[in-house]
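J.: Starting off with a structure, shown below.
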Amino acid sequence: MNKSPIQAVIFDWAGTIVDFGSFAPTSIFVEAFKQGFDFEIDLEEAREPMGLGKWDHIQAVGRIPAVDKRWNEKFGRSMISEDIDAIYAAFMPLQKAKVADHAEPILNAIEVVNGLKDKGIKIGSCSGYPREVMDVLIPVAADYGYQPDYVVATDDLPQGGRPAPFMALKNVIELGVSDVKACVKVDDSAPGIFEGHNAGMWTVGLLLSGNEAGLTFEEYQAADEATLEKAREKARAKLLKSSPHYLIDTIADFPEVVADIERRLAAGERP
């Protein structure tokens, strides 16, 4: 097989390769707010800033106007750093306890990844999960057959996480990639797509398997085309703000994108 001009693909985790609908983090955010402060947020509010590191995510939820209004009504002030610390402290053990339940690969993910490896493409990965959570998730995903060549967690680097390029570029360094334009970043969230842009990579957004559509795999399988199109449009509206080079439904559609990027690289195009 001809060697691909693509050197590496860097995948997000939840909603991209594992955990269809990205339910592990969302449901836990709702529970952490409840446990930390007996404060209610809904799943839509929990999903809003997905893709950020989890401390930053909690802060961003607190800044949603409707959440801030309810927080002020309950506590007489907006959320402060100590509040975020307390919610994060509740989040961590809950997430570690639950993340393995959501480690099953998304349909066709393993086949697609193995196809990339067969072409000599390295598999990087990064996540909005902290290292403590990734240390639980990585071996369970490996049991399912998913073993990327490198993993970066959101708190691994002192420079920080998304939407900055640091996690993606750490993959570049550790995988020995010689040219960022030969890399593809795949994600289901806008911060993860911005991360790819900021690192100088091709970017691919996922419409139906991730956070923005918010479908369970069962809902996805049972949905008629009108329901899927409505979910696509909802996700597209959010992801287009980050201007991905490609938007596809799920990882199953990725091989066509790979072929197109290979063609464009061969023609001398850049991201």
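Each residue, glycine too, has its Cβ placed from N, Cα and C.
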J.: From the candidates ASP188, ASP224, ASP249, give the one listed by Swiss-Prot for the same Mg(2+) site as ASP12, ALA14.
T.: ASP188
J.: My understanding is the cutoff is Cβ-Cβ under 8 Å with a sequence separation of 6 or more in the same chain; which residues meet that for ALA14 (Mg(2+) binding site)?
T.: SER22, ALA24, PRO25, HIS102, SER127, GLY128, TYR129, ASP188, ASN211
J.: Take the C-alpha atoms of ASP12 (active site, nucleophile) and LYS54 (active site, schiff-base intermediate with substrate) and report the distance between them in angstrom, rounded.
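T.: Counting only the Cα atoms, the answer is 14 Å.
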J.: Using the recorded Mg(2+) site (ASP12, ALA14, ASP188) as reference, state which further residues of the same chain have their Cβ within 8 Å of the centre of those residues' Cβ atoms, listed in sequence order.
T.: TRP13, GLY15, THR16, ILE17, ASP19, SER22, MET50, GLY51, SER127, GLY128, ASP187, SER189, GLY192, LEU206, GLY210, ASN211
J.: Can you count the other CB atoms that lie within 10 A of the CB of LYS54 (active site, schiff-base intermediate with substrate)?
T.: 25
